[in-house]
Structures are given as C-alpha cells and as structure tokens.
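Report on one structure; see the data block that follows.
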C-alpha cells in the first residue's frame with residue numbers, strides 16, 4: 001500500500017514535471033527562429049512588436065530617403081540634365097525597373113547564403129553610399145549656374161565624366177534599395193511565430209502597417225523635399241535623403257539583439273535543377289495512376305536537417321504530374337546493397353522538393369498578371385507629374401503646389417483605405433463569406449486591378465478637359481487639384497493590390513524562398529516600369545509619324561496623353577479577365593500541419 005502511494009505521488013510528480021516542461025517550451029519559438037547567439041529564440045526577449053516596430057521605423061526612414069530621389073527624378077532629368085519629357089519618363093522607368101530587378105539579387109543572397117539580417121545591412125550601406133555620392137556630385141557638378149534647376153532656369157551642359165558620376169550614384173541607390181526591399185518585409189514578418197495564434201494575427205497586420213510605413217515615409221519626401229527640389233534646392237533634398245538613410249541604418253542595427261533570425265537554406269537553384277534533371281531522366285518511366293505512386297519523402301527531422309531550420313514537409317498535390325517523376329522511386333535510384341542508403345539527389349528528389357518547384361510554377365501566372373498593374377502604378381512618378389506640370393499649380397494666395405507633391409494624396413489614400421479595409425470592409429466580408437479572413441489575398445488583388453482601371457479613366461478625362469481648355473487659348477487654366485481623384489484611386493488600388501501581393505507571395509512561397517516571394521512583388525513593379533518604357537516608345541513611334549507630335553510630345557498641349565491613359569485602362573481590363581482565370585486555377589500550397597483543411601475555393605471563389 002505504501003509502495004502504491006509512493007508510486008502515485010511519483011506519477012503526480014511526473015505529471016507536474018510534464019506540465020512545467022510544456023510551459024517552458026511555450027516560452028520559446030517552435031518555427032526554427034533563433035536569437036543573435038544562435039539559440040532557440042525566447043518569445044519574451046526577442047521578436048514581437050518591439051522588433052517589428054524598429055523594422056517599420058527603418059522602412060519609413062529608408063522610404064523617405066528613396067523617394068527623396070525617385071519622386072522628382074523626372075523633373076531633375078528635364079530641368080538639370082536637359083532631357084525632353086518622353087526621354088525623361090523612359091529613363092525614370094528604366095531606373096525604377098532596375099531598382100526592383102536588384103531585388104532578385106538581394107533575395108537570392110538572403111535565401112541562399114547571407115540570411116535576411118546581413119543582406120539588409122549590406123544593401124542599406126550601399127544605399128547610403130549611393131545617396132552621399134549623389135549629393136556630392138549634384139552640389140559640385142550638376143547645379144551650374146548656381147540656383148538653376150527650378151521651373152524657370154534650366155542648368156547648363158554637363159561633361160561625360162559628370163554624367164557618368166551622376167548615373168553611377170543613382171544606380172548605387174537602385175542597387176542598395178533594391179537589394180534591401182524584399183528582405184526587410186520578410187525580416188519584419190519573421191518577428192512573429194505563425195504557430196502562435198496571437199502572433200499569427202499580428203503577422204497578418206504587419207504587412208498592412210509595413211505598407212503604411214512605406215507610404216508615410218514617402219509623405220515627407222513628396223511634400224517638403226519635393227517643394228524644395230521644385231524650387232531648385234536639389235542638393236539640400238539629396239542631403240536630407242542621405243541623413244534619413246543613415247539614421248535608418250543606425251536604428252536597424254540597434255535592434256540586433258532583439259531580432260529573431262532564420263538561417264539561410266542554401267542555393268535554391270540547385271534544388272530546382274535537381275527536380276528538373278531527375279524528372280527528365282525518368283521521362284520514359286510510366287507513371288502509376290494518381291494515388292498509387294510510390295513517391296519518396298524524408299521524415300520531419302530529416303527534412304529539417306536537409307533544408308532550412310523549422311522547415312516542414314509540403315504535402316503532395318495534383319497537377320504538373322511530369323514533375324512527380326523526380327520523386328518516383330525506381331530500382332536504379334538507390335546504390336547497391338551495402339553502400340549508402342541515401343539516393344542520388346540528381347536522380348531522386350523528395351515530394352517536398354518537387355512541390356517547391358510546383359509552387360513556383362503556380363505563382364508565376366498570378367505574378368505575370370500583376371505586371372500590367374505596375375505599368376499603371378508607375379505613371380504616378382512620370383506622366384502624372386508631367387501632366388501636373390502643364391496645369392495651374394497655384395491654388396490659394398499665390399501658394400504653388402509642386403507637381404510631384406500631388407502624390408501626397410496617394411499616400412493619404414493608402415492610409416485611409418488601410419483603415420477602411422481593416423476596420424470596416426474586412427469584418428463585413430468575413431461575415432458575408434463566413435470566413436475570418438474576409439477577402440482572400442487573391443480577391444484583394446483583383447479588386448486592385450478594377451480600381452486601377454477607374455484611376456486611368458479618371459486621369460484620361462482630366463487630361464481630355466485640360467487639352468480642350470489649352471487648345472481654346474486657356475493654357476494651364478485647369479487647376480492641378482483636378483488630379484486628386486486619380487491619385488486617390490491609385491492609392492486605394494495599392495492597398496488592395498500591393499498589400500495583398502505581399503501577404504500572398506509571403507504566405508505561398510516555400511520556407512526556403514520567403515525572400516524570393518517578396519522579391520516577386522518588387523520584380524513585378526520592375527517589369528511594369530520596363531513595359532511602360534516599351535509601351536511609351538511604341539505609342540510614340542506609331543502616333544508620331546508624318547511630322548505629327550504623337551500622343552506624348554515635349555509640349556503636352558499638342559499631344560493626346562488622354563488617349564494613352566484610356567489605352568492603359570483597356571489593357572488593364574483585359575488583364576483583369578486573364579487574372580480571374582489564373583486565380584480560379586490556382587491551388588494553395590499545403591504544408592504539413594497547416595493549410596491541410598483549406599479548400600481550393602477559399603482562394604478562388
């Protein structure tokens with residue numbers, strides 16, 4: 001009897017010990033994140049809104065610095081460098097496109113070798129160097145005679161050396177900001193554990209606040225800096241950008257001990273290549289019926305050891321069956337008996353590895369449909385500014401609004417619609433769809449395309465009436481405030497398209513390719529700028545024949561930019577139809593322990 005009582009007491013002690021052990025485990029993250037020392041991250045001491053808040057402030061300051069250059073670059077090229085409107089718009093598109101092409105470089109280095117923290121630090125340092133070089137070159141070489149570069153007095157000619165230094169500095173800015181951007185969004189999301197319900201909710205909110213910080217950061221550069229630069233104080237504006245970028249870097253480094261980190265997972269190109277080659281080698285192997293295939297997979301611990309920390313198995317999905325051959329077990333995949341039991345990775349790949357490739361292939365059609373939206377978005381930094389410069393910029397008591405400052409209405413619209421969506425529209429959509437998420441990311445991206453069409457129609461009508469007045473002898477009589485609706489509509493479309501895009505690609509990208517997912521957002525903007533450049537060039541060649549000025553001439557009063565806006569509205573409408581088809585076809589990535597109960601219609605209804 002006494003032994004039984006002792007056993008019972010021992011059992012109770014073991015239960016108590018188990019409870020303490022579980023409570024102890026709950027104090028640490030379980031998603032593979034570590035602290036600065038490489039130990040499992042303690043929730044109380046790392047991550048959360050403290051770390052994410054530093055990332056948000058960093059993003060705001062870095063964006064202020066970037067837009068201090070980008071928002072008025074088209075005017076710098078026309079007034080200081082001496083380019084015409086079409087060439088300046090195309091050069092801005094090329095430069096902006098290059099910024100986002102460099103995002104692929106940053107994402108690759110982050111996912112493969114450096115990790116997100118180191119990549120952010122290195123590229124922010126390049127960003128600061130580029131801005132300081134731009135400030136020095138502008139002050140010493142570009143702004144001659146003194147006070148030039150305003151609306152009235154253009155600057156003189158520049159030597160090849162001076163132009164070379166100028167282009168070197170702005171493309172250093174492009175490299176630094178491009179490599180930093182896709183990683184800072186994902187690094188901020190890393191500060192929340194998706195397996196913790198409370199932190200998972202915060203992670204979803206983070207992307208909205210991240211985009212809000214981005215826009216609030218550009219508010220200062222789009223108002224105060226734009227005003228000073230429009231008055232010809234270009235060097236002052238560039239130096240302010242340099243100081244903001246340096247402060248952003250210092251604040252980012254201050255959070256080093258507070259952040260949560262994920263180790264890089266190795267070169268993803270080799271994993272993709274292994275799947276492609278293994279499937280090709282088994283091209284003639286007959287595939288069994290669906291559900292009867294003998295497909296290769298590691299267990300959970302082996303997956304974590306073979307890939308990134310905290311990785312989980314991706315469940316097998318139908319579609320792209322030709323890639324399943326890479327995971328199909330055959331007699332020639334393993335070495336002879338007595339040798340290593342590990343298969344040749346170039347002949348046999350895991351289901352998880354195959355599903356990573358399938359995931360990328362499924363994301364590509366959605367991604368391609370977002371490029372034309374970026375063509376619309378990029379007009380805000382080029383043709384909208386040129387359109388505003390041809391309007392009456394004086395509003396009250398002689399106060400003049402710089403054309404580039406009109407993008408402040410876009411920023412205010414972003415802030416307003418983020419609040420509108422999170423507080424009003426999402427709860428209503430959640431109740432109507434019986435889904436706590438409300439509108440899915442794919443739904444929101446579709447809404448963004450529709451609102452973008454409305455923005456182009458609004459811009460087209462404003463330009464139509466401006467031209468009508470200008471040709472009636474009332475040049476520049478239409479107030480620049482008539483541009484407010486098109487800027488507000490662009491801002492509303494951004495909340496639906498770009499915030500949804502950030503969430504979608506981060507959520508649907510495999511574990512070892514999270515930065516690549518964010519880079520897809522940046523690259524769609526990049527290609528949108530290049531497509532805009534090509535589209536403007538083609539339109540000018542077609543419409544500028546037989547000594548006609550074309551739709552977008554140097555003197556906008558002789559052109560038909562309204563028709564170009566209506567053309568973009570038509571192309572975006574066609575893109576929306578294609579997007580709906582692609583969204584219906586899309587299938588969610590299904591990770592073990594997550595997404596298993598989600599139905600396909602959740603993403604496509």
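Glycine too: its Cβ is placed from the backbone N, Cα and C atoms.
Heads up, TrEMBL stuff is auto-annotated, nobody curated it.
So that you can see what the record holds, here are the features copied from TrEMBL:
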TRANSMEM  49-77  transmembrane segment
TRANSMEM  97-114  transmembrane segment
TRANSMEM  121-143  transmembrane segment
TRANSMEM  163-180  transmembrane segment
TRANSMEM  206-227  transmembrane segment
TRANSMEM  233-254  transmembrane segment
TRANSMEM  363-384  transmembrane segment
TRANSMEM  404-421  transmembrane segment
TRANSMEM  442-462  transmembrane segment
TRANSMEM  564-582  transmembrane segment
Pairs 6 or more apart in sequence, C-beta under 8 angstroms, 3 or more of them: is that satisfied by the transmembrane segment (121-143) and the transmembrane segment (233-254)? yes
By Cβ distance under 8 Å, which residues at least 6 away from the ends of the transmembrane segment (206-227) in the same chain are close to it? 52, 55-57, 59-68, 71-72, 185, 188-189, 191-192, 237, 240-241, 402, 404-405, 407-408, 410-412, 414-415, 418, 421-422, 491, 494-495, 498-499, 502-503, 506
Which sequence-distant residues neighbour the transmembrane segment (97-114)? Criterion: at least 6 residues beyond either end, Cβ under 8 Å. 122-123, 171, 173-175, 177-183, 186, 264-268, 512-516, 518-519, 522-530, 533
Stretch in 49-77, 233-254, 404-421, 442-462 most in contact with the transmembrane segment (163-180), if contact is a CB pair under 8 A: 49-77
Are the transmembrane segment (442-462) and the transmembrane segment (404-421) close, by which I mean at least 3 Cβ pairs under 8 Å that are 6+ residues apart in sequence? no
Per the Cβ filter (under 8 Å) with a sequence gap of at least 6 from its ends, the transmembrane segment (363-384) is approached by 70-71, 73-74, 88-89, 92-93, 96, 403, 406-407, 410, 442, 445, 448-449, 452, 455-456, 459, 483, 486-487, 490, 493-494, 497, 501, 504-505, 508-509, 517, 520-521, 523-529, 531-532, 535, 552, 561, 564-565, 568, 571-572, 575, 578-579, 582-583, 585-586
